[in-house]
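Trainee: Before I ask anything, let me first share the structure, which is written out below as structure tokens.
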């Protein structure tokens, strides 16, 4: 029998959902105490802005993550978020809106870069003393990450 994702999801919901006599599914019940007024909350992993910098022929290309608490809404082209202040060697060099990328045409691979979101006109992480960790540009426009693949193709976990 061939099923679609929708059918499979409906079957899963029926088999794991609340019972017909008014039970509550284990999936909807938080595993911890606390008052959530019946709301199911999702625990996200703790991420940083993940700032990276790469030397290019146009300058230093910077890219970072838009974190969940920095999203302020949406536009026709995607999520809307905070404006960001870009710092080179501790000095503010740019303000970036509607993007999480920036090319510093005057940058160098020796410079150290950091970014900070500007939320509601204030430097979000900066006011807490938490600008992104400073980074230096990669010497190339990409980063090679070696893979340590087991010889027989099987990981220690199986």
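Glycine is treated like the rest: Cβ placed from N, Cα and C.
According to TrEMBL:
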{"type": "DOMAIN", "residues": "43-124", "note": "domain 'Rhamnogalacturonan I lyase beta-sheet'"}
Trainee: The domain 'Rhamnogalacturonan I lyase beta-sheet' (43-124): mean pLDDT?
Mentor: 86
Trainee: Under DSSP, the domain 'Rhamnogalacturonan I lyase beta-sheet' (43-124) has how many residues in helix, strand and coil?
Mentor: 3 helix, 45 strand, 34 coil
